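Swiss-Prot annotations:
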ACT_SITE  57  active site, thioimide intermediate
ACT_SITE  64  active site, proton donor
BINDING   79, 80, 81, 98, 99  substrate binding site
C-alpha cells in the first residue's frame, strides 16, 4: 500500500483500522492519540465536526445532545480522528454541564497536541426551551495565536445565527 507516512511515524496510531476496538462510555482522555505534523512551518486550520455528542446533566442524569466543532492550528502534532471519535463517545455517561464538557475537551486536546491555536464550540439541543452553545479557545502563550485567541473571544458570535430549535 502506498503511504506518505513511515511505520515509525504511525507507531502511535493504534486505533485506526483496528476493528476490535471497544467503545468506552466512561470519560477517558487516555484514548486520544496523535501523530506528527509534516507541515509545522505552515499555519493551517484543521476543523473537526462531531454532530452526535452526548453527555449527561450532572443534576438530573438526563441526556444532553450536541454538535461539537473543534478547529485548531497544529504545531508539531495532530489528533488522530478515530481516537477523537472514541474519546468524544466516552462522554456518554459523563455528568457535566455543557460549559464544562467544552472546556474539558479543549484542555485535553491542548495536553495531547499543544496546538498553536484551538477553539471548541458546542451547540447543544434545547432543554427547557433554551439551547446552550458554549465556546472556548486558547492561543499559545507569547505568540500571535495568543492575540488571535483574545480577539476571537471578544468578537465571538457578534452575528448570531437564527435559532430554529435545531
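Cβ coordinates come from backbone N, Cα and C, glycine included.
Shown in sequence order, 54, 55, 56, 57, 98, 124, 125, 127 are the residues of the chain, 6+ apart in sequence, with a C-beta less than 8 angstroms from the C-beta of residue 64 (active site, proton donor).
Taking each of the binding-site residues 80, 99 in turn and counting other Cβ atoms within 10 Å of its Cβ gives the largest count for 80. Take 79, 80, 81, 98, 99, the residues named in the record as contacts for substrate: the widest Cα to Cα gap among them comes to 24 Å.
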